[in-house]
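Taken from TrEMBL as is:
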{"type": "TRANSMEM", "residues": "18-38", "note": "transmembrane segment"}
{"type": "DOMAIN", "residues": "116-311", "note": "domain 'Amino acid transporter transmembrane'"}
{"type": "TRANSMEM", "residues": "128-149", "note": "transmembrane segment"}
{"type": "TRANSMEM", "residues": "169-188", "note": "transmembrane segment"}
{"type": "TRANSMEM", "residues": "200-217", "note": "transmembrane segment"}
{"type": "TRANSMEM", "residues": "277-300", "note": "transmembrane segment"}
{"type": "TRANSMEM", "residues": "343-366", "note": "transmembrane segment"}
{"type": "TRANSMEM", "residues": "387-407", "note": "transmembrane segment"}
{"type": "TRANSMEM", "residues": "413-432", "note": "transmembrane segment"}
{"type": "TRANSMEM", "residues": "463-481", "note": "transmembrane segment"}
Amino acid sequence: MCFTVNYIMGTGFLTLPWAFYSAGIVLSLITISIVCLVSDISKGYVLETMARSDALFRAECVKVNEEDGSMSLIKEGINESSALLGKKKSSNSSKDEVNNSGPLMVRKRKFEVIEMCHMFLSGNGPKWYMLTIGLYMYGTLWAYTSVFAKAMSEALPLAQLLGLGSDDYLIYVVIFASIVVPLTCMELREQVAVQVFLSLCRLFMVVIVVGSVSGAMNATTAQFGSQTHAEPDADHPFYNMSGLYKMLPIAVYANIFHHSIPGLSSPVADKRKLSMIYGATFAFGMIAYSLIGGLVAYYFGGHIQESANLNWVSYHAGTGELVCSEESGNCRFEHKPLWVQAIAYYVVCFPATDVVSAFPLNGITLGNSLMGSYYGSMIRQVEGDRLKVTLFRLLGAVPPIIGACFVRELGTITAYTGVTGFIIAFTFPAILNMRSRETLKEVGLKHETIYTRKIISEDWFSTWIKWFGVVLVVYVLLNLITKG
């Protein structure tokens, strides 16, 4: 669960208060609840598809062309690939074993989403998925690098101290790369301690943010700068439909991890608990997002920063002395107690260092997807080759870091690439669920899994989820283009 929490709560929750303010608190609460619910449904589609993929291979119903890596279904008769290896067991016998065994479930064999696209989607389906995931993942990694370098260069300038000029940003890009690139080349099992620690740090930040804002609401003196009371939006305190297009992509961005479910599921020993683990993560996220977004947006109102952690720069908890500079005229609270300074620095700086945990998780997913796209169905023959795995992960991790050295303002880029999250989180999982169910019916295998749920796993409901993602893409893009 720690891996998943670290994955979805990267930097997306920092912009949630601003999104809550833009769309109105009540409308935002409804939106985040719906997005969490639909995300939980579509996560089940990915798990169902993974279980069915495993069943196909155990039933020897998939024939792999060793020349080009393409796959074809074997509906009856002898599995030719098994016969070539001297195996005499028929595919019908293997099917009987699968059909007579317990419910289908995810097992040790890992199936990346791009691999399942090759199995169940015809035509250019896999290419469209790879294009979508590539845009999203490269944009996300690019943003992580920029967030870290910008925040740390403001909080702790090093260039002049080290005699390296005046560009602190590039120094922190190099520092960031030296940490996250090696982590991206490692396996998840090798970084459990790091991920658990950062997950606890993230939980601590949620407690601090909610606690300090709650305290400020009940205080009789100013806690943040000179603000003495909550200042909600007077015109649109509860709902603002014109700002919904800002809220939607941020809400999905804060909940998306569907493309990494195969990798995140691999370290879990009891695969029967996968649905429960991911469901608990969404529940935690919905509560945390609602508290952070609602309380912070309500208190700061029009003073909310687009990256909400920056509001804690002025946090003094009613302590210290207001000192104004005669030269610049700027005022700030000084002589604050150490515990107040610690809280302020933690909230401001932790999100920057937090991406250290999120970058490797995304980088591993992108590298694995690139490798799966390149090798297709032959991925099993090379996934044990550590050198090739490392090269593809470097291909996923290094370009966005280099790009961040040249393009530092990523607001517009992330706004548009973030829209791809609707397709990744909703549309593709729904399509894979329908096609995998149909495929198992064609080859004579049972298709029910331990993750199958009544009504929402049926084709008509999957169709609704598929088009839900498409409609959101059109709606948000139109608003981004027309409203700038």
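We count from 1, first residue shown onward.
Note that Cβ sites are derived from N, Cα and C of the backbone, with glycine treated the same way.
Unlike curated entries, TrEMBL annotations are predicted automatically.
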Sequence gap of 6 or more, Cβ distance under 8 Å, 3 or more pairs: do the transmembrane segment (343-366) and the transmembrane segment (413-432) meet that? no
Candidate ranges 18-38, 128-149, 169-188, 413-432 - greatest C-beta contact count to the transmembrane segment (277-300) (under 8 angstroms): 18-38
Contact between the transmembrane segment (169-188) and the transmembrane segment (413-432) (3 or more Cβ pairs under 8 Å, separation 6+): no
Residues sitting near the transmembrane segment (463-481): Cβ under 8 Å, six or more positions beyond its termini, same chain? 38, 41-42, 45, 245, 248-249, 252, 415-416, 419-420, 422-423, 425-427, 429-431, 434
